[in-house]
Amino acid sequence: MSQELTINADQLTEEQIAEFKEAFSLFDKDGDGTITTKELGTVMRSLGQNPTEAELQDMINEVDADGNGTIDFPEFLTMMARKMKDTDSEEEIREAFRVFDKDGNGFISAAELRHVMTNLGEKLTDEEVDEMIREADIDGDGQVNYEEFVTMMTSK
């Protein structure tokens, strides 16, 4: 597992690492190379992340191996790399939803689905379109909302 985490941190650009180091240093008050768990949320928010308290606690528990309440820079990098990866996929799904939701009302209708699929070169019958909607339509209202779309996209 630790090998996989290292790979994630290795995928950061030098610019990203420098940016994270700068933010890390701002909150490493005594300059000893560690930040306290309380400061973690502030650091992440300064980098455009918006973790919940539960997410922060989970990340701290995963990273703070010795349980002393502080995080060193390599641990911090690992955590940020993982967090960035999660954010990207979430943003990609949101972007895909916007593509399908032509009128921006928060729902994908059969007509919108047919339109996008046709633009992608997929000629579907009405039955095929209805079947796709039915598969994703958890609450049975005949259209697909964002939550249903996320479920569909992440269940594969």
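Note: Cβ is positioned from N, Cα and C throughout, glycine not excepted.
What Swiss-Prot records for the Ca(2+) 3 site is ASP101, ASP103, ASN105, and among GLU92, GLU112 the residue it adds there is GLU112. Looking just at the domain 'EF-hand 3' (88-123), the mean pLDDT is 87. Comparing Cα positions, ASP103 (Ca(2+) 3 binding site) lies closest to ASP139 out of the binding-site residues ASP28, ASP66, THR70, GLU75, ASP139. Sequence-distant contacts of ASP137 (Ca(2+) 4 binding site), defined by Cβ-Cβ distance under 8 angstroms and a gap of at least six in the same chain, are GLN143, VAL144, GLU148. Sequence-remote contacts of a segment are chain residues at least 6 beyond its ends whose Cβ falls under 8 Å from one of its Cβ atoms, and for the domain 'EF-hand 3' (88-123) they are 129-130, 132-133, 142-146, 149-150, 153-154. Closest in space to ASP30 (Ca(2+) 1 binding site), of the binding-site residues given as ASP66, ASN68, THR70, GLU112, is THR70, taking the CA atom of each residue.
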